[in-house]
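The following features are taken from TrEMBL:
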type     : residues : note
DOMAIN   : 23-288   : domain 'NADH:quinone oxidoreductase/Mrp antiporter transmembrane'
DOMAIN   : 290-343  : domain 'NADH dehydrogenase subunit 2 C-terminal'
TRANSMEM : 7-23     : transmembrane segment
TRANSMEM : 59-79    : transmembrane segment
TRANSMEM : 91-115   : transmembrane segment
TRANSMEM : 152-171  : transmembrane segment
TRANSMEM : 202-222  : transmembrane segment
TRANSMEM : 242-261  : transmembrane segment
TRANSMEM : 281-304  : transmembrane segment
TRANSMEM : 325-345  : transmembrane segment
Amino acid sequence: MNPQAKLIFIISLLLGTTITISSNHWVMAWTGLEINTLAILPLISKSHHPRAIEAATKYFLVQAAASALVLFASMTNAWHTGQWDITQLSHPVSCLILTSAIAMKLGLVPFHFWFPEVLQGSPLMTGLILATAMKLPPIALLYMTSPSLNPTLLTTMAILSTALGGWMGLNQTQIRKILAFSSISHLGWMTVVISYNPKLTLLNFYLYALMTTAVFLTMNTIKTLKLSSLMTAWTKTPSLNAMLLLTLLSLAGLPPLTGFLPKWLIIQELTKQDMAPTATIISLLSLLGLFFYLRLAYCTTITLPPHTTNHMKQWHTHKPTPISIAILTTMSIALLPIAPMILTII
């Protein structure tokens with residue numbers, strides 16, 4: 001892709017995200033979402049592979065439908081209340097439509113079907129943008145409208161997302177699909193607590209984005225897209241693969257790694273809200289996710305491929321690991337001890 005064109009698309013993504021996050025008016029928020037959608041499409045389809053074109057088409061259709069629903073919800077609310085302010089969403093039908101629209105944008109169950117397919121058809125770096133930066137505007141809208149939305153509906157969607165994200169990720173062999181189902185599962189954790197403590201949702205999103213970025217950048221460095229090639233990639237950069245093991249376990253939410261912090265705080269918050277059964281269910285469902293993270297971790301460092309005569313070891317790359325991956329991986333592993341400081345910030 002032409003570097004100038006790429007720069008324009010990246011700037012448009014930043015612009016769209018900034019407009020949506022900083023807007024008070026529904027039409028401005030909708031404009032930002034549309035700019036984002038149009039800017040990411042060329043990045044998805046840049047390889048001109050039929051799979052990439054299919055992914056871009058699916059993404060466009062789903063996002064266009066979700067944006068239309070956002071506009072419809074805001075117009076219905078303005079019609080009944082005379083308010084275009086994002087925080088003044090009070091009409092029940094508007095709240096229901098907006099919940100559906102944001103669930104569609106994020107890929108929450110039952111609107112999750114497009115996300116694994118789109119991620120699988122995109123290049124790794126575009127997949128990273130889709131799994132992290134493109135989730136920020138809908139999460140921001142969810143944050144601003146959270147007092148008006150129906151907590152029971154959000155909790156139900158969250159539990160279903162965690163269940164399906166873990167369950168459907170079990171049988172996958174493509175790393176991008178596994179990370180897509182991991183994203184759906186994490187979104188369930190974010191949604192379950194949004195009505196009670198929205199700041200916790202944001203903290204969970206930031207830490208999820210941090211860990212996912214570390215995983216995607218590592219995969220991009222070792223040029224791995226499926227489990228079978230991950231098994232033979234350890235000879236390229238053994239130290240990076242060893243750290244990937246810890247990053248994946250952190251993404252699974254195991255203590256004493258960073259990923260345990262949001263899960264711990266969310267379970268604590270749900271217990272405070274007398275929702276111990278919900279906390280129990282969502283914790284048990286996260287064990288499904290733990291299984292496929294362990295499978296990824298096992299393929300990364302613990303197992304060796306069968307030594308057949310046609311198996312060749314890959315060359316050890318002597319290029320130094322980029323400093324960005326080193327910083328992100330360290331943060332993905334070691335932020336739990338400074339949890340009290342993080343809590344004072346939020």
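Numbering starts at 1 and runs along the chain as it is shown here.
Any Cβ shown, glycine's included, is placed from N, Cα and C.
Predicted automatically and left uncurated, TrEMBL annotations should be read as such.
Residues 26-27, 29-30, 33-34, 37, 40-41, 44, 88-91, 93-95, 97-98, 100-102, 104-105, 111, 114, 118, 130, 141 of the same chain, all 6+ positions outside the transmembrane segment (59-79), place their C-beta atoms under 8 angstroms from a C-beta of that stretch. Contact between the transmembrane segment (91-115) and the transmembrane segment (152-171) is supported by 3 or more Cβ pairs under 8 Å, counting only residues 6 or more apart in sequence.
Within the same chain, residues 96, 99, 103, 108-110, 112, 116, 177-178, 181-192, 194-195, 275, 278, 281-282, 285-289, 291-292 sit at least 6 positions outside the transmembrane segment (152-171) and bring their C-beta atoms closer than 8 Å to a C-beta of that stretch. Over the domain 'NADH dehydrogenase subunit 2 C-terminal' (290-343), the average per-residue pLDDT in this prediction is 82.
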